[in-house]
């Protein structure tokens, strides 16, 4: 009797515990936080918010808030001309730094400008013109303290290649020059328009990896082109691919090479590379590689002058036009057949110049811990190229080599560009006749040493380690440039960059989640092998917005995950899948195609007697789920704030406990 009484007491205790646990479960379920639905916005409010976030994300009008009209006028003027803002606190100490930096970059840019003009198939003075007017404009309108403005190798090569495809620079020299000014004008218009309309995000579509590959390929192409001047070859191919260039080089071995030119070129190239090595080894000697090009020009010019090496086949610069920039307003094509050609070339070259300048500006701004306004930069670069096209300049932008020297020389503000322009003014007015005997070989050596820095092996290795697809983009752009042309390399870079975007958009990542031991946290089971799956429940996370471009893939991928899981469950004799939980935290948005895909997924799951559960949809997503009536279709009680809430509500554990209890009673 006592034994049966004990069993009765134990049974009552078990019933009490079961009831209390069941009550606790019901009590906790009753207080689960529901997913909130944001207040509905009207169409105008939604459109306004989207436009504001797209074009005015940095809130440029904030400084104008609650300001009197006079103050607003001052702020607007300072926004256009930042020099009026920082110029008020300018001091003699800052000027000393800018003066030294300006003189240093001037000594570097003069020989570079002459060489870069030749890359664009223009007379040497046009390179000097492009380092006189544009830097002055930028100094007043730019927001970067460190960028040094002028012609750059990649843009010069790109411009020369595209212009020479339309006109012969020798036989049609006047028309070629006019087309160059036209392209420069439209490059500036493109840049200024992007900045004014705040469309700077468009240049971000060219990935960093593609830029690294394109710049490296352009560096190799530029260096190969300089073999003509370095070896003294007169009959040289106009093609830029490596195969054509090497054929042209070796076909001239017997009679085309000039040994005097080779001696001059190789000797000074070795000197320039050694100077650059010294500057890299010790930052205190930054001035050595900066001054080396001008020293090389002076020494080689003096050597040719006293030896009359030009009579021995050494090609020299001969004549550089004296005087500052003449007007070229009437030379720009605003009508006729070359208008569209100039516009096309200008847009492409302007975008590349803009990309290079943006990368340089951000790099040095981060090093000095200050902010630059990307849209102001575009307006400044565009304005300086528009004015430059009217003053006999071709496309100018930020130069990495000059900006690095400018930075290391201790520049404080954009006044260093003004100092450089003043030096160029004196050069154009008084010094250009002295460059008459400068050998082309030394210009080739200067360009080769300058573009060597564009071959960034460390960046390529890092890209390989981080992302193999990025490395494919890098190598595609590099090989396309080296083995075909600059335009093809650029096209490949753009295509691969867009292909990566499309691949990421159309094929988003998905993952199966498991519960971390001792927590209510659910994470990717591949990243956390210790995470365990919940019996009877499959939890999947979608790591992207669900749009028309990927909705079908997301639905099919989820069904494949389910199929694989069912096969595994069947093989291991586990409980069948009863619930499918989709973790929607990373799903930032969804469109009608995405909702339609969820409806189709819900229908497919119903046929399998599996319930669809959603966890933590974003505000925009939950609003659209209610607007489309999908929330009512699956049931409002099937949408939870967290995965843990969803699992606790869907888990059959309490039912199992009650089943076990009833079976015990029957047995007794």
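Including glycine, each Cβ sits where the backbone N, Cα and C put it.
Keep in mind that what you see is a predicted model, and the values were worked out from it rather than measured.
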Study note, to complete from the structure: Of the ranges 87-108, 109-130, 285-306, 307-328, the one TrEMBL annotates as transmembrane segment is 285-306
Point to revise | Range annotated as transmembrane segment in TrEMBL, from 476-499, 500-523, 524-547 | key: 476-499
Study note, to complete from the structure: Which range of 37-58, 59-80, 235-256, 345-366 is transmembrane segment in TrEMBL? It is 345-366
Review point. So what's near the transmembrane segment (147-164) in sequence-distant terms, Cβ-Cβ under 8 Å and 6+ beyond its ends?
Key: 105, 109, 112-113, 116-117, 119-122, 127, 130-131, 134-135, 138, 176, 179-180, 183, 215, 218-219, 221-222, 225, 238, 240, 345, 348-349, 352-353, 356-357, 360-361, 364, 384, 394-400, 402-403, 405-406, 414, 416-417, 420, 447, 450-451, 454, 485-487, 490
**Study point:** Leading stretch by Cβ pairs under 8 Å, where the reference is the transmembrane segment (378-397) and the options are 176-197, 209-227, 257-278, 442-464
**Key:** 176-197
Study note, to complete from the structure: On the domain 'STAS' (527-650), the mean of the pLDDT values is 92
Practice item. Rank 209-227, 257-278, 285-306, 476-499 by Cβ pairs under 8 Å to the transmembrane segment (442-464) and hand me the top one. Key: 209-227
Check your understanding: For the transmembrane segment (209-227) against the transmembrane segment (417-435), do we get 3 or more Cβ-Cβ pairs below 8 Å once near-sequence pairs (under 6 apart) are dropped?
Key -> no
Review point. List, by number or range, the same-chain residues at least 6 past the transmembrane segment (176-197) whose CB is under 8 A from its CB atoms?
Key: 55, 120-122, 126, 159, 162-164, 166-169, 203, 328, 331-333, 338-339, 341-343, 345-347, 349-351, 353-354, 374-390, 392-395
Check your understanding: Cβ under 8 Å to the transmembrane segment (257-278), counting only same-chain residues 6 or more beyond its ends: which ones?
Key -> 229-233, 285, 288-289, 292-293, 296, 299-300, 303-304, 309, 312-315, 439-442, 444-446, 448-449, 452-453
Point to revise | Closest-packing stretch to the transmembrane segment (345-366), where packing means Cβ pairs under 8 Å, from 285-306, 417-435, 476-499 | key: 476-499
Check your understanding: What is the number of residues in the domain 'STAS' (527-650) that are helix, strand and coil, as DSSP sees it?
Key -> 62 helix, 21 strand, 41 coil
